Amino acid sequence: MQRLTTRNGLDLPAIGLGTWPMTGSECTQAVRQALEVGYRHIDTATAYDNEAAVGQALRDSDVPREQIHLTTKVWWDRLAPKAMRQSLEGSLRALGTEQVDLFHIHWPGKDWDLARSIETLVALRDEGKARSIGVANFPLGLLHQVVETLGAPLSAIQVEYHVLLGQQPLLDYARRHDLLLTAYTPLARGQAAAQPVIQAIARKHGVLPSQVALKWLLDQDGVAVIPKAGSRENQLANLAASNVQLDDEDRAAIAGLPKDQRVVSPAFAPDWNS
Ligand SMILES: NC(=O)c1ccc[n+]([C@@H]2O[C@H](COP(=O)([O-])OP(=O)(O)OC[C@H]3O[C@@H](n4cnc5c(N)ncnc54)[C@H](OP(=O)(O)O)[C@@H]3O)[C@@H](O)[C@H]2O)c1
């Protein structure tokens, strides 16, 4: 499994398992199976209501905890210092671990004290409750404030990214500041594989359209993917995406697809262009 690293210590398997919207025994079963077939990176969040289910799978699995990268996130209404701390402590209890590998602020807050939240995020890392820290769904201006004005030692950002949504400015920024970019919703929930352009590339190479969509992301420096897959068949197919070989003609065809098709933009989302 290809791994991505940062100078400040994040060591992230390039392909992880997304766990939303699985909960309960469905989630435990999917994570246990993913570990069995070779996944070593699991993405969860308090908001997914499945951390206890993920924790059960970790305990059931033969794979030692230290070989598994675990990401969790704190929800945007829990960003005050005490609430954030309680959120991560609850996550650790539910997951049955003393430390997560990566802890993200899930979305920017509303009317919040950004500096105090970031100070708390950094303190939780310094205390060893999270090995690395990051932010998700932060637009470029806010990320700039966190990294350069506040000087937070982030290791990663997590944002929606796929063949139908461009993220070049964030990606350029991440590379300049030694941050990894985890692409969520990397299959655009089926819309990527439904594109005739993607299907034609898949036919040309004798692979699946979903694998073409994932490999386009994996071929980019510093980009990890976390497709959600419940079935063993889809989990294996997504892992095998790393073996696909795309060529310049494929990349040019994918570059021609629309790049403004955002799938995830809830009411509390920030102004994406801010
Ligand atoms: N930070 C954030 O705000 C945020 C927001 C959204 C998502 N996420 C994370 O990103 C993860 C992935 O995103 P997502 O669930 O929104 O979308 P996604 O991964 O783009 O798509 C998931 C869908 O694709 C299907 N699928 C997976 N592999 C497939 C394959 N090889 N062939 C055909 N279909 C396949 C899955 O079905 P099966 O399950 O049946 O295989 C599921 O219906 C989430 O689970 C979550 O961990 C983070």
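Residue positions begin at 1 at the first shown residue.
In case you wondered, yes, glycine gets a Cβ from its N, Cα and C as well.
Automatic prediction, not curation, is the source of TrEMBL annotations.
Look at TrEMBL and you will find 15-255 tagged as domain 'NADP-dependent oxidoreductase'.
Under the heading active site, proton donor, TrEMBL lists TYR48. Under the three-state DSSP scheme, TYR48 (active site, proton donor) falls in the helix class.
Taking Cβ-Cβ distances under 8 Å and a sequence separation of 6 or more, the neighbours of LYS73 (site 'Lowers pKa of active site Tyr') in its chain are THR44, ALA45, THR46, ALA47, PHE103, HIS104, ILE105, HIS106, ALA136, GLN158. The feature site 'Lowers pKa of active site Tyr' is assigned by TrEMBL to LYS73.
What TrEMBL records for HIS106 is substrate binding site.
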